[in-house]
Structures are given as structure tokens and as C-alpha cells.
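Working notes for the structure below.
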Amino acid sequence: LGLLYQEYRDKSTRQEIETRRLQDSQTDPEESSPSEETPSEAEPTSTTENKAPPQISLLRNSNSRFNLWQDLPEIRSSGVLSILQPDEIKLQEAMFELVTSEASYYKSLNLLVSHFMENERLKKILHQSEAHILFSNVLDVMAVSERFLLDLEQRVEENIVISDVCDIVYQHTVNHFSVYITYVSNQTYQERAYKQLLQDKPAFREVISQLELDPKCKGLSFSSFLILPFQRITRLKLLVQNILKKVEEKSDRETTALDAHKELETVVKACNEGVRKMSRTEQMISIQKKLEFKIKSVPIISHSRWLLKQGELQQMNGPKTSRTLRTKKLFREIYLFLFNDLLVICRQIPGDKYQVFDSAPRGLLRVEELEDQGQSLANVFILRLLENADDREASYMLKASSQSEMKRWMISLAPNRRTKFVSFTSRLVDCPQIQCVHPYVAQQPDELSLELADVLNILDKTDDGWIFGERLHDQERGWFPSSMGEEILNPKIRAQNLKECFRVHKSDDSQRRKLGSRNRQ
């Protein structure tokens, strides 16, 4: 039987992790085992849907050992493997991976619709508006996936050696993939509606539980099906990146891969912004209601403003000369709301309210870590407001609850401050790296959600188990527990990872420069 996309994706990313572990343990990346040549999602799959396009032996063979392009009987019997160069075989695997993973994804979408959405018992329980919020435009998403898969399969049928797939990706991204933005932007309301239905409607909870137990679902939850489109559009960008790393430089296939990657990046960014916009607006309204201004009022709600970090810190009372005092009264609690363009300093007052007594633009903040001053002044830093609410300079000596919390505040308050290790954007030849071996969901705005097999540059780390990292494939930054990953120790593998990412992003930069030059002309 073919794998559902959730299984497919999990197996593929774990294979990617194991491949990297193997490479990392070797002195020379070139000496890696044949598994290095396997695509990251090369797993058996089949398309058994009634709507499936033409009969294609390459994709419809359910024998589990045919998990690679080069293992297919049609390929082995053709003799083409003795003709193609090793780099071309790797490229064929990367393109084949994109096709087979789309088939697996379509299979899972089809199950979401036929098994859950169209279930008669569920239809009777759900009001039409509830069903609309829960399933959104999933029928449009499935129709787009079916059309996309048909074109991909047709390309595979043309020749046993796949000519290209990125031109098809480009056309579908430009013309059809906007349905993903609609679906993903609804995610906040979808999650909320699902939780509310589970809580308010026992009949809904019972039916969902029964449907999840069906062998078709292979032990996977209903929510894992709902999140499929967001996972797929993100993964598709990475699959195109994988192809881009393997095509010949300055070739036609590189051009199509660059075009496809650029369009996918636009869609993924729009999806992310859609999700953030929904949650940020509600969050800003909630914060506005809690603030009372002791100083001149500052309008909090703005379309271009969002929360970066909030929390309690201890403010040192009195002049710096009183540092030697050993008393709890040395510090007083304050509460900070840090937005992308503004810092608001408050004191908590009764009724879950906060009284604002100072503020400053984020660009006018400076931080300075204190040298070790003993236990009472551990995790203390200086926050300078170059121009506060009274249009003058102000300083605050602040104490955090831990080293990681201190560093997280310092980096959030002054993002341009130099970190312990240099970032990806500096084009450093070598930098500590880590690969994610456990997925992580961000709990705070300054944290970074991680997917299995993500590779990140380590920008900073703390003694109490936190890492500030920059993900290579999209340059997103944030904090996460160090237990979520394994450090990549082989410098050649780190250099290889950076080189591949430089190629993707330098090429993007080059395309933008050419476009800008043409526009100026």
C-alpha cells in the first residue's frame, strides 16, 4: 500500500537525518554510502484514487522495494544507469522525489475529504458555517494538487529520464497555488473552531475519534490531515531547493529551478503572513485593553506593529553604588512589552492591568551585559533608552530569571548586537551548525518552530540549554531548546551545507539585481 503523506514525510526526514549523521561521522563527505544519493523523501508510494490520471507504472507500482528512481525495473532494464553521470542520477532522484511525494500528498488529501469531510454523520453534526471554517477551501486545494500531479506524471511518462519538473512547478505556482494562501490564512480560526467543537459537541468528538481509529488513517489524527496543505507548500519549496543544488550551473534547468523557487518563496511568505496577521491583530487588541498610561499615551494598535516578546524582569533600585547591598529590596518587578518598533515599560497593577511609566522606539535601545558580580547580580544587564517618553536618555539595570532569559531579552531588545557566533548572512566560511532531530513548536514570539532535518547555524547558546539559531533554508531566526538537535561536527559537512545555501540565495540575489537593472533601463 502507498504511504499517506504524514508517514511519507516522517520517514523521509528521518532518512535525511540518518544520512547527515553518517556523513558527519566520516572524515570525507565524498566517502558517504549510497544512501547519500537518495532523495530526502524517497519512499514507496502509490496513487490508488479513482480520479488518478493515466496508468503509470513508475508511480503506481505498490511493491515496497521500489523506493528510488534508480531501483525501478523500467530504469534498471533500460541500461540508462550505466550511461548517466552520478550527478545526473542524483538530480533524477531529486525530481522523482518531488513527483512521488505529490502523489502521497494527494492520497492524504483525498482521505481528508472522503473519510472526514464527506462523512454523513459528521455532516449532520456540523453546522454549514462550522464545516466551512473547519475544512476551508480544501476541495480547491485538492483539485490543484490533482491537476499538478497529472502534469508531473505526464512528464515522467514522456521519457524514463526526466527532463525537468521545475517548469511545471513554476506554472502551477503562478497560476494555481494561491489556494494555499487562502487555506493557510484560515489556520488560526480553524484550530480555534476544532478545539471549540471538541469541547462543546460530544457527538463531534465521538465521531472524530471513531474515524481516526479506521485502519485507513494508520493511527494518524484528524488534525494531522488538516495541517497538510501548510506542510506541503513549505516542503515543496525545499524540494525545489534540493533540485536547484543539483542542476548544472548556468543551465536552462537552473533557470527554471530558480524561477520556481522564487515563486514558491512568495507563496510561502504570503502563507506565513496570513497566519501571523490573524493572530497578531487579536493579540494587539488584547494588549491595548490591558495598558494604562501614567505617561503620555502611545497608540498601540497598528497594522505594521506586532509583539516580539513580553515578560517580567527585576529592576534594580537606587544608584549603582548600592550593588553591594544583599537584600531582596534591591530589585523591583517591572513588566516589558517589546514590539517590532516600540518598547513599553510597565508595572503590573490589580485587575490584570499594566501601568506604563516609560517607552522608547526599538531603534533607540542599547543593551550591555554586566561582568560577573556574584550571585545577587547574576543575569543582570543594562538597558539604555537613548530617547525615552520624556525625550531624554534613561538607563535601567535589569535582572532576568536565568542566563537564557537574559540573552533572549538582550537579543530581542537590540537585534543588531553581535552574537557569540557570526550569522549566515555574514558569509562566514565556518560556523557551528545543528540539525533538528525532534520537531519543536515555538511557545514564545522569540522562539523558532523546527521541523525534522532542519539545519541551522548556531548564533548563540546558553549554559542552561537554549540555542539562538538561524535556519539555513529561509534565514528565520529564533530560540529553541538545545535538546531538539544534534550539532554537526564535521567541518566539511558544515561547509557543504553553507555552499549549497549560498548557491540558492546568491542566485536569488542575482536574479533580483538583473531585474532591478532592467527596470532602471
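Placed from the backbone N, Cα and C atoms, the Cβ positions cover glycine too.
All annotation found in TrEMBL is predicted automatically rather than curated by experts.
Sorting each residue of the compositional bias 'Basic and acidic residues' (7-23) by its DSSP state yields 17 helix, 0 strand, 0 coil. Among the features that TrEMBL reports, compositional bias 'Basic and acidic residues' is placed at 7-23.
According to TrEMBL, the compositional bias 'Acidic residues' annotation covers 27-40.
Under the heading domain 'DH', TrEMBL lists 90-274.
Counting residues of the domain 'PH' (306-418) by DSSP class, helix then strand then coil, yields 25 helix, 53 strand, 35 coil. If you look up TrEMBL, you'll see 306-418 marked as domain 'PH'.
Look at TrEMBL and you will find 429-490 tagged as domain 'SH3'.
Here TrEMBL flags 1-57 as region 'Disordered'.
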List the helix, strand and coil residue totals of the domain 'SH3' (429-490) as derived from DSSP. 3 helix, 29 strand, 30 coil
